[in-house]
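Participant: Below are the features I grabbed from TrEMBL:
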{"type": "DOMAIN", "residues": "1-89", "note": "domain 'Core-binding (CB)'"}
{"type": "DOMAIN", "residues": "110-300", "note": "domain 'Tyr recombinase'"}
{"type": "ACT_SITE", "residues": "Arg157", "note": "active site"}
{"type": "ACT_SITE", "residues": "Lys180", "note": "active site"}
{"type": "ACT_SITE", "residues": "His252", "note": "active site"}
{"type": "ACT_SITE", "residues": "Arg255", "note": "active site"}
{"type": "ACT_SITE", "residues": "His278", "note": "active site"}
{"type": "ACT_SITE", "residues": "Tyr287", "note": "active site, O-(3'-phospho-DNA)-tyrosine intermediate"}
Amino acid sequence: MKLDRAIDAYLRHISIERGLSEHTVEAYRRDLAGYAQWLASRDIDDVDAVSQPLVAEFAAERASAQPAPAATSLARLQSSVRGLHRFLVREGITADDPTGRLRPPKTPQRLPKALTIEQVMALLAAAGPEPGDAVDAEPLRLRDRALLELLYATGARVSEVIQLDVDDLAHGDVVRVRGKGSKERIIPVGTYAQAAVSAYLARVRPELARGGKATPRLFLGARGAALSRQSAWLIIQQAAERAKLTAHVSPHTLRHSFATHLLQGGADVRVVQELLGHASVATTQIYTHVTVDALRDVYATSHPRAR
């Protein structure tokens, strides 16, 4: 099979059958286009002509490129190439996997940055008023408060929250979230977030909905369309500026804070794994390092024999 046809088949597979996001599929497409171009420079356009030495040469050349690529970029590139060839073997298109001996690059472990509880409270207050104090509030500020309350209450990804439909909160105290690979999970929703979302639904969303095409999405923009990821990001950045938070704050910061605060409060790591929608507990355990670091700091400053 020609390489370009094989790549198209693989991209359809990860998009339709595995349900990966458009963003992820596009990243794989770019990686594999570069891989195909490199092979073409060696007069190879058929998948059966790809060998282990060729794949090893490609990986080594990319790793030594200047300027040096990020380790995470190299890891994703190898994942794209490895995924393609494993798919071809599974489908019976090729007999051997030339990536079998490919060693993934070591990626530095980056500890997630979480806000303190006080910083989260300041961020929420800066986003908009509490429902009981919102008599004369600007409608969009009520929406912004509901958005941030829900992000922090659930630990959901921003892409998951902006894709919520109104019916996903039908039971009030839980929300149905569709995560990576279209996997669903149920997450409890605290009373503060419930109140903020209820106020938004009663007082703001109906007016916003009149300005645009009918959509079941929970969060709407000023013109009535579904709120975009970029708009949600901007809402959080503006709230962080109003709260005078010096740390970089993104939608994922609230997810990190959610996980860290749960673990600091004594939650079991496997429960946090389920709430976050992590496929592996190893992904969640990175947050335990954050809480251990905090304990070390307290110990170092408080214990008389620590200094």
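Every residue gets a Cβ built from N, Cα and C, even glycine.
All TrEMBL annotations are machine predictions without curation.
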Participant: Taking just the CA atoms, what is the gap between Arg255 (active site) and Lys180 (active site) in Å?
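Facilitator: On Cα coordinates alone, these residues lie 15 Å apart.
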Participant: Quick check for the class: what is the C-alpha distance, in angstrom and rounded, between Lys180 (active site) and Arg157 (active site)?
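Facilitator: About 10 Å separates the two Cα atoms.
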Participant: Would you mind reading off the Cα separation of His278 (active site) from His252 (active site), to the nearest angstrom?
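Facilitator: Taking the Cα atoms only, His278 (active site) lies 14 Å from His252 (active site).
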Participant: Rounded to the nearest angstrom, how far is the Cα of Arg157 (active site) from the Cα of His252 (active site)?
Facilitator: 7
Participant: DSSP-wise, what's the residue breakdown of the domain 'Core-binding (CB)' (1-89) into helix, strand and coil?
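Facilitator: DSSP composition of the domain 'Core-binding (CB)' (1-89): 68 helix, 2 strand, 19 coil.
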Participant: Given the model, what does the mean pLDDT over the domain 'Core-binding (CB)' (1-89) come out as?
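Facilitator: Overall, the domain 'Core-binding (CB)' (1-89) comes to a mean pLDDT of 90.
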Participant: Which residues in the same chain, at least 6 apart in sequence, have a Cβ under 8 Å from the Cβ of Arg157 (active site)?
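Facilitator: Gly179, Pro251, His252, Arg255 - these are the non-local Cβ neighbours of Arg157 (active site), listed in sequence order.
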Participant: For Lys180 (active site), name the DSSP secondary structure in the helix/strand/coil scheme.
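Facilitator: Lys180 (active site) sits in a helix per DSSP.
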Participant: Please work out which residue of Lys180, Arg255, His278 has the most C-beta neighbours within 10 angstroms of its C-beta, and give that one of the active-site residues.
Facilitator: Arg255
Participant: Can you count the other CB atoms that lie within 10 A of the CB of His252 (active site)?
Facilitator: 15
